[in-house]
Amino acid sequence: MEAYLLNLGVLISLYAILAVTLNFIMGYAGIYSLAHAVFFGTGAYAGASVALNFSASIFVMVPTAMLCAAALSLLLALPALRVRGEYFVAASLGLQVLAVTVFAEWKAVTGGIGGLIGIPPVDIAGFEIYSPGSFFILSLVTLAAVVAITRLLVRSSFGRSLKAIRDSESAALAFGKNIALIKTTSVVISAALAAIAGSLYAAYMSFINVESFMLDTSVLIMAMVIIGGTGTQLGPIVGAALLLILPGALSYLSFLPQTEIGSIQQILYGLGMAVLMIFRPGGIVGRGRAETGEGEA
Amino acid sequence: MLWLQLAITGLQVGALYALTAVGFSLIFGCTRIFHFAHGATFVLAAYVFYYVESQGYGTAAGVLAASVAAVGFGVLMDRLVYAPIQRHEGSFFTVFVASFGIGIAVQNLVGMVFGRSFVTVTTPLSRSVEVLDGVYVSPLAWIAVACAGVFFLGLWFFLRRTNLGTGLRALADNPELIRVFGLSPRLLSTYAFALGSFLVVPAAVITGATAGLNPALGHHVMLISLAATIVGGIGSIGGALVAGFGLGLAESLALLQFDSQWTEAVTFAILFLFILLRPSGLFGRAATS
Amino acid sequence: MNTFRLCIVVAGLHLATAFPSQAADHQIGALFPLSGPNATYGDIFMSGADLAVDHINADELLSGELSLRYEDSQALPQRAVVGMTKLVNVDQVPYVLSAFTGVSKAISTLAQRNQVVAVNGGGVGPDLAQLGEYFWNVIPLANLEVRGLVPYLVEEEGLKNVVLIYVDDPLGQAIRTELETELPTVGGTLVDALSVPTTAQQFSGIAAKVRAAEPDAVYIASYGAQQLQIVKQLRDNGVDAQLVTYSGYSVSEALALPESEGLIYTTQSVDYDSDDPVTKRFVDDYTAKYGRAPTAYNVNYYNAVRLFGLLAHALEDKGQAVTGANLLAERMATDSFDLVGGTVSFQDDGTLVAPIQINIVTDGAGQPVATVDVAD
């Protein structure tokens with residue numbers, strides 16, 4: 001039981017990292033990306049490759065993963081500079097589909113659909129971390145660090161510039177802000193931080209394949225942010241916890257027929273998403289509609 | 001002759017893409033609602049047709065039932081989901097999440113009700129006949145292309161020649177203006193959903209007979225519709241039609257060069273490049289901010 | 001959110017306290033796709049497993065009641081890992097039924113670390129044989145199926161030129177490699193190999209490429225709904241070559257497809273008409289309970305559960321605890337088992353050896369035409 005809760009805790013922490021980093025560009029820069037799973041995946045594959053071939057040390061694995069994701073994120077920054085709103089969403093969707101194809105076909109690195117197996121546990125100064133208990137602490141500490149970093153950034157002058165761009169690009173331009181640089185930097189930071197979650201995920205699961213990094217995952221992360229509350233500090237974490245606990249909790253409803261439980265879970269998950277958006281569009285933590293941010297073209 | 005065969009195949013697939021894309025494009029263009037559950041409309045219509053037809057009520061009854069289901073679902077989505085969200089001035093993304101959620105729910109509901117496995121509408125029309133040496137075309141391919149033409153022309157006349165059509169076009173251009181003329185944007189939006197959802201019916205029925213159905217079909221339909229809408233240019237129905245055919249052809253002809261797992265990537269590489277280089281699409285208005 | 005946590009804790013306490021009072025009862029787990037595109041397999045796997053549980057309880061083979069705890073894997077690795085963790089830590093089962101290559105690979109590390117036996121009766125990717133000593137296969141893997149099929153195809157049916165349509169995953173790749181090496185040894189050729197993505201629904205283009213290659217036979221290596229779509233669309237688009245596939249096709253809805261008529265597929269050999277009492281009882285009761293004839297998957301998961309029954313029974317006789325480690329030791333110490341389809345033995349890598357049977361679809365059902373002993 002304890003291990004089950006710890007396992008859930010690890011997953012929540014890792015997904016919370018993803019949600020927090022996505023919230024960083026969604027909530028503060030107005031960049032609504034449907035490609036966050038790409039950086040999650042890039043981090044996971046990069047981390048796993050390093051761990052399998054060179055060293056499982058966290059100080060080698062994580063930075064490499066971050067670098068790879070940061071480099072790739074320039075592909076997302078490109079459309080972010082050119083278009084807004086639904087056009088950008090579609091562009092990020094395109095990137096997501098392309099990335100899934102590459103994940104599934106670049107067999108030398110990703111193992112194809114079969115994925116990578118036997119990824120060694122992460123190593124911190126000679127200690128191997130793989131039990132749910134110790135890994136939970138590691139992921140929690142990482143989450144805290146990521147939250148601290150984004151919080152610091154949001155409150156700095158960089159964060160103020162971001163919000164200025166989100167609210168009105170032309171006004172920000174008039175104030176002499178370098179919009180291209182600020183937007184690109186925010187995308188790069190977000191992707192690099194998401195890659196940390198990816199590499200830890202790979203080490204924890206010891207198995208990854210493309211199915212964990214598909215469009216559904218991107219939507220799930222986005223749903224976590226929006227359901228929790230876009231542009232809030234706590235929202236993404238609450239959203240991640242809620243969406244990961246819900247399916248597990250549902251499987252305890254023993255009066256449901258076992259064969260249909262999977263479908264019922266999915267139906268409730270889907271309906272829950274819709275109902276929350278209808279009655280609480282600002283998210284659970286959100287203070288109302290002012291915080292949701294508009295994504296119009 | 002492989003290229004000719006692939007081109008013909010591409011046209012058939014493209015016709016189906018075009019039909020669904022035109023429906024999505026109409027809804028999106030008029031209301032700016034990112035109706036991701038459009039794929040669910042497709043699945044629903046296809047399964048209702050399959051069910052009614054396989055119960056022995058005949059094709060006409062099946063098409064009628066499918067149309068009722070599709071239009072009913074579209075209108076309900078607009079009324080029960082999108083209207084309340086828009087009343088809160090929920091962002092474009094809030095709508096997307098709600099729509100995606102409904103899409104998941106419908107997919108699983110369809111699986112529970114109709115079974116999760118593969119079903120197919122049995123008809124001799126899906127059998128290909130050799131029209132040229134080594135080139136096979138099924139009667140349904142002609143029907144698909146004809147449907148795309150007929151429905152598109154019908155829609156075109158409707159939008160140009162009727163008051164409602166003019167209203168819908170005005171809604172796409174300037175919702176504020178609608179109010180000035182004493183029309184209700186909400187009501188027009190509902191009409192857009194009814195019409196757009198109705199347009200998936202022929203594609204859904206034909207897909208049921210050619211490719212067969214499973215509840216997870218909606219996703220792909222949706223992605224293609226979105227790609228075609230953007231490549232064609234948001235707000236341009238003709239653009240969606242051309243882009244739908246284009247994507248079908250590209251997907252099919254790509255097989256000459258690539259393995260088929262790259263075809264989806266080809267589609268989305270085209271989409272990605274379009275957004276970067278010509279975000280207004282083939283026939284759209286300027287979109288860069 | 002707090003309420004959800006509470007739910008879990010309360011439910012957990014309930015389970016934890018439930019265990020000691022009914023120590024003689026046995027619970028095993030199963031990770032099947034119960035929702036999503038592959039859910040149809042879940043239904044099929046369950047029917048076999050459930051029947052075995054019924055039989056074991058009716059025979060009072062074990063000191064207490066045996067029950068099966070299902071978790072939905074959706075045939076996806078991450079879901080499976082979460083479900084496996086729950087089975088191992090909350091339900092504390094010593095034995096888990098697994099299916100699908102991706103799922104099996106994902107949970108194999110957990111099985112090994114927690115000393116829980118995982119048994120696969122559905123996935124046939126050959127790399128399933130290398131997942132550690134706690135991972136067993138009660139199904140011969142696909143490389144054996146191809147090895148059994150190829151000589152029959154070329155020598156008996158005279159079908160020399162083969163085109164392969166495959167999903168580019170470990171299973172598909174293994175079948176491709178196997179065809180590439182096996183066909184030439186009997187004078188056949190793999191003329192073309194066309195890979196398809198797992199999500200593809202449209203195969204008219206693929207059909208055109210198949211026709212262009214002019215094969216005598218088309219081998220299809222896919223799963224679930226997709227393999228039916230491929231078969232239907234090949235036939236619809238003018239491919240009239242012999243269709244051939246592997247045991248993934250042995251589900252009743254696939255065999256019932258009109259386009260499947262005449263298709264050749266391999267399974268592990270099960271002589272359903274056998275007088276062997278285990279087989280006879282299984283066939284009779286399965287047909288009575290579900291109103292249809294059993295297929296190889298039903299047999300495999302019946303066998304997987306029966307295997308647990310036999311091993312646990314032996315352990316109880318010796319007064320040993322039914323743990324994963326003891327089950328493994330007991331299996332290693334036992335030479336052969338009486339399962340449905342006859343007496344079988346395990347290879348050292350935990351994989352069952354069984355002869356391969358070649359079937360032809362006739363009037364919507366598989367008819368065995370030959371049985372091949374495959375030397376590994």
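Any Cβ shown, glycine's included, is placed from N, Cα and C.
Database features, via TrEMBL:
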- B:6-26: transmembrane segment (TRANSMEM)
- B:33-52: transmembrane segment (TRANSMEM)
- B:58-80: transmembrane segment (TRANSMEM)
- B:92-115: transmembrane segment (TRANSMEM)
- B:135-159: transmembrane segment (TRANSMEM)
- B:188-209: transmembrane segment (TRANSMEM)
- B:221-250: transmembrane segment (TRANSMEM)
- B:262-283: transmembrane segment (TRANSMEM)
Interface check, the transmembrane segment (B:33-52) with the transmembrane segment (B:221-250), three or more C-beta pairs under 8 A:
yes
The transmembrane segment (B:221-250) versus listed stretches B:58-80, B:135-159, B:188-209, B:262-283: most Cβ pairs under 8 Å
B:262-283
Taking B:6-26, B:58-80, B:92-115, B:188-209, B:262-283 as candidates, which has the most Cβ pairs under 8 Å with the transmembrane segment (B:135-159)?
B:6-26
Taking residues 6+ outside the transmembrane segment (B:58-80), which of them lie with a CB under 8 Å of any CB in it?
27, 31, 33, 35, 37, 40-42, 44-46, 48-52, 99, 102, 106, 189-190, 193-194, 196-198, 200-201, 204-205
Same-chain residues at least 6 beyond the ends of the transmembrane segment (B:188-209) whose Cβ lies under 8 Å from its Cβ atoms:
15-17, 19-20, 22-24, 26-27, 30-31, 33, 35, 38, 41-43, 45-46, 49-50, 62-63, 66-67, 70-71, 73-75, 77-79, 82-83, 119-123, 125-126, 140, 143-144, 147, 151, 155, 158, 164, 167-168, 171, 178, 217, 221
